[in-house]
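To start, the structure itself, in structure tokens.
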Amino acid sequence: MSFTSSLRLDTNPITSPKWVHRQVPLRPHRNFVVCSIKSPSTPSLNLATDSASTDSLSRINSLSQVSGVLGCQWGDEGKGKLVDILAQHFDIVARCQGGANAGHTIYNSEGKKFALHLVPSGILNEDTLCVIGNGVVVHLPGLFKEIDGLESSGVSCTGRILVSDRAHLLFDFHQEVDGLREAELAKSFIGTTRRGIGPCYASKAIRNGIRVSDLRHMDTFPQKLDILLSDAASRFQGFKYGPEMLREEVEKYKRYAERLEPFIADTVHVMNESIEQKKKILVEGGQATMLDIDFGTYPFVTSSSPSAGGICTGLGIAPRAVGDLIGVVKAYTTRVGSGPFPTEILGQGGDLLRFAGQEFGTTTGRPRRCGWLDIVALKYCCQINGFSSLNLTKLDVLSDLPEIQLGVAYKHADGTPFKSFPADLRLLEQLKVEYEVLPGWKSDISSIRNYADFPKAAQQYVERIEELVGVPVHYIGVGPGRDALIYK
């Protein structure tokens with residue numbers, strides 16, 4: 001399809017003040033996705049009974065035995081909605097990394113809201129087994145709160161959630177230490193969710209962490225916990241630790257251990273046995289590739305690997321077992337917290353996208369920074385993960401804009417091109433973004449359910465992204481509801 005576009009060079013280089021998140025006095029609305037509890041007598045997808053329905057089922061059923069849904073930006077791309085839809089066609093939905101810093105809100109068919117941070121998104125599909133893998137850090141009070149909320153609303157969790165015996169435990173003190181660490185960093189703070197994720201992974205890395213399997217040995221648990229708490233007290237002056245705290249924590253975790261026991265499993269064995277049995281497995285990634293500890297905008301990253309490699313290390317399955325990976329990317333870009341954001345729109349333009357897209361964090365409620373879609377970063381994510389297809393979300397948010405920009409290239413100040421996404425943040429600060437300007441569309445597309453019915457300009461936008469990135473867009477989101485997903 002041919003169309004006209006123009007190139008525009010951003011004359012304002014990325015500046016350091018953009019990297020540090022400033023709280024914006026906006027009301028924190030929250031995003032949501034809609035899902036329903038599946039009953040045996042109802043169809044697995046509530047889709048229109050036309051050719052689009054047939055195409056969608058064919059698309060989903062063609063996915064490989066082990067498939068994954070991963071974020072392509074800095075998180076908050078809308079992965080939960082796609083996972084919820086796909087989960088109805090998979091036997092297992094598994095989390096492989098992260099912790100309660102990942103979050104989304106889902107609703108059942110009766111409008112009941114579930115705020116989930118640890119339990120995999122497949123929990124509302126009654127035939128789906130949910131696995132929390134060894135790469136996840138588990139905050140037991142948070143997990144039990146989610147389970148209680150689900151059970152009280154009629155969603156059975158018994159026998160449907162497995163927690164890896166190799167997963168590390170995230171304690172309340174990890175969260176306290178997380179806040180103390182941010183306070184130490186002052187103006188250069190990272191913008192963590194303060195859920196204790198970094199400190200827990202740090203404990204894991206220096207090998208004094210406590211794993212789920214340790215709950216089965218309460219005779220040695222107090223000594224291990226004492227080492228952890230003493231280490232935190234020696235590191236942070238503001239952290240007060242004494243014998244009474246240890247006694248209270250040990251008693252609390254004795255109760256937790258008893259309650260968690262039915263959920264504990266050797267999930268590495270479960271996953272590999274399921275692969276041998278030809279069961280279909282969907283891996284749900286938390287956060288996104290641009291927050292990856294190795295490949296993201298370090299140090300403004302998370303502490304795990306939310307890219308393709310994290311699937312294998314976080315679940316204990318072989319790389320050759322992993323097939324289709326779907327990258328989820330917003331039609332524009334958002335970021336929560338500090339860190340580089342080359343295509344960020346400051347001022348009124350950013351506010352417009354923020355309110356139109358209701359861009360406020362599910363986990364923190366913080367307003368998200370907004371900007372144009374960064375093709376350079378997206379291509380980088382596609383290279384790392386080898387995506388077979390993309391899910392372009394929130395395309396409807398761009399409706400009514402007179403023009404839409406794509407950040408298609410980075411250039412040095414002298415105009416020479418820079419052909420990759422740099423690791424050096426100082427270099428990234430100096431680069432300028434080259435934009436391609438495309439026409440907008442002046443109509444609401446949120447009720448459209450067939451790609452052919454899109455305005456020409458919307459089709460041009462989607463197809464230009466495919467052309468620039470080299471990966472097909474198979475799924476397009478035009479609203480929060482389950483039915484607001486177009487299969488291309």
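Note: Cβ is positioned from N, Cα and C throughout, glycine not excepted.
Sequence annotations record features per position, and here Swiss-Prot assigns active site, proton acceptor to Asp76. Cβ neighbour count for Asp76 (active site, proton acceptor) (all protein chains, 10 Å cutoff from its Cβ): 26.
Residues or ranges marked as active site, proton donor in Swiss-Prot: His104.
There are 21 other Cβ atoms within 10 Å of the Cβ belonging to Gly103 (IMP binding site). The GTP binding site annotation in Swiss-Prot covers 75-81, 103-105, Arg368, 394-396, 477-479 and is backed by sequence analysis.
The IMP binding site feature in Swiss-Prot is assigned to Asp76, Glu77, Gly78, Lys79, Asn101, Ala102, Gly103, His104, Thr193, Arg207, Gln287, Thr302, Arg366; the stated evidence is sequence analysis. Cβ contacts within 10 Å of Asn101 (IMP binding site), excluding its own Cβ and spanning all protein chains shown: 26.
Per Swiss-Prot, the feature Mg(2+) binding site maps to Asp76, Gly103; the stated evidence is sequence analysis. According to DSSP, Gly103 (IMP binding site) sits in a coil region rather than a helix or strand.
Arg366 (IMP binding site) falls within neither a helix nor a strand when secondary structure is assigned with DSSP, and so counts as coil. The substrate binding site annotation in Swiss-Prot covers Thr362, Thr363, Thr364, Gly365, Arg366, Pro367, Arg368, and the record cites sequence analysis as its basis.
Among the features that Swiss-Prot reports, transit peptide is placed at 1-34.
The local packing around Gly75 (GTP binding site), expressed as other Cβ atoms within 10 Å of its Cβ over all shown chains, amounts to 30.
Most other Cβ atoms within 10 A: among the binding-site residues Lys81, Arg366, Arg368, that distinction falls to Lys81. The recorded positions near Gln287 (IMP binding site), taking a 10 angstroms Cα-Cα threshold over the set Gly75, Asp76, Gly365, Pro367, Leu395, Val478, are Gly75, Asp76. Neighbours of Gly78 (GTP binding site), defined as other CB atoms within 10 A of its CB across all chains, total 21. For Leu395 (GTP binding site), the nearest of the recorded positions Asp76, Asn101, Gly103, Gly365, Pro367 in terms of C-alpha separation is Asp76. Under a cutoff of 8 A between CB atoms, and with a sequence separation of 6+ in the same chain, the neighbours of Val478 (GTP binding site) are Leu395, Asp396, Ile445, Ser446, Ser447, Ile448, Ala484, Leu485, Ile486.
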